[in-house]
Amino acid sequence: MKNVAVIGAGSWGTALSLVLADNGHHVTLVARREEIAREINERHTNETYLPSIEIPSSIVATCSMEEIIDVEIIVLVVPTKAIRQAVRSLNDVLKWPVTIVHASKGIEPGSHLRISEMIEEELEPTLLKEVVVLSGPSHAEEVSLRQPTTVTVSSKSLSTTKQIQDLFMNQQFRVYTNEDLIGVEIGGALKNIIALACGLTNGLGYGDNTKAAIMTRGLAEIGRLGVKLGASPLTFAGLSGLGDLIVTCTSIHSRNWRAGQMLGKGKSPAEVEESMGMVVEGIRTTQAAHELAQKLQIEMPITSALYSVLFEGKKPEHAADELMGRVKKHEMENLHDVVSDQKND
């Protein structure tokens, strides 16, 4: 049994806490809101984020970082914009080096850093053993019901990756290892952009043909940028690429899909986030990916079209028309060029 802290008591943080508790680990779940922590400890529920799910007594909630000083592993499950502050706060409380597993999906606008890079920047080197990413098609609602789910873990250290695989894996939660840290993080982050686009086209009244086109061409965009950043193209055919893309673009559980649908129906980005009452990672990631694409001179037309809707005020139907009216191309044109560049490197 290990002492594990999970920072973030939303739906995904709570669901991962359940997996760890099922595996016999003692879990300290750090919540931002006092009422959430109290409910978990007293009523053993988290109705705000995971309605009707019983939380075992082996999960103890707190709002104080001071209560995680004795942990061996920290699972970080907070929005990308909160990563730096959350990690920075650990510098004053940790007593020894820890492994940080992050289950967040995003890229930081401006710096264009992946989450593992942000963690490495903020945590004192003497307090960090390794950063591991956990990603894949894994809706919290289904994980909490113990429905069969598969995910991928990756880090710079294969031995550490295997340790985290053992930490989480059970009969309902199957964990694969992957040595492509960049690819796993990029796939998990960028699929939120494509989910927004799929939801947007649904809001416009378009059907399955459009959704299939967005998903397929969206995966090509993810691959182009990912490979340029050093990822393996094979990773995007796996759980953290295609797998996560499918589940996020087709499920009612997907907040990015639902946000996109609202955009397609005419709501502004601000109205969407206010209506949902939670962070929509795909909005910030669209900004970061658009900036990266321009910097690296990579064509990402779906991302660019979505950026024009989110940040330039373009009407969704006009963005869709422009996307369809682009100059004709070979299906594998840009992806082939990027893969060739990687081989030459």
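Glycine is no exception: its Cβ is also placed from the backbone N, Cα and C atoms.
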Among Arg84, Arg88, Arg255, Arg258, which residue does Swiss-Prot annotate as binding NADPH at the site that also has Ser11, Trp12, Arg32, Arg33, Lys105, Ala140, Val279, Glu281? Arg255
Given Swiss-Prot lists Lys105, Gly136, Ser138, Lys191, Ser254, Arg255, Asn256 for sn-glycerol 3-phosphate, the same-site residue among Asp180, Asp244: Asp244
Using a 10 Å cut-off between Cα atoms, which of these binding-site residues sit near Lys191 (sn-glycerol 3-phosphate binding site): Ser11, Arg32, Arg255? none
Neighbouring CB atoms within 10 angstroms of the CB of Gly136 (sn-glycerol 3-phosphate binding site), all protein chains considered, total 25
By a simple count, how many Cβ atoms lie within 10 Å of the Cβ of Asn256 (sn-glycerol 3-phosphate binding site), its own Cβ left out? 26
I'd like the Cβ neighbour count for Arg255 (NADPH binding site), meaning other Cβ atoms within 10 Å of its Cβ, all protein chains included. 22
Just going by other Cβ atoms within 10 Å, which of the binding-site residues Arg32, Lys105, Lys191 has the emptiest spot? Arg32
What Cα-Cα separation, expressed in whole Å, is found between Ser11 (NADPH binding site) and Ser254 (sn-glycerol 3-phosphate binding site)? 12
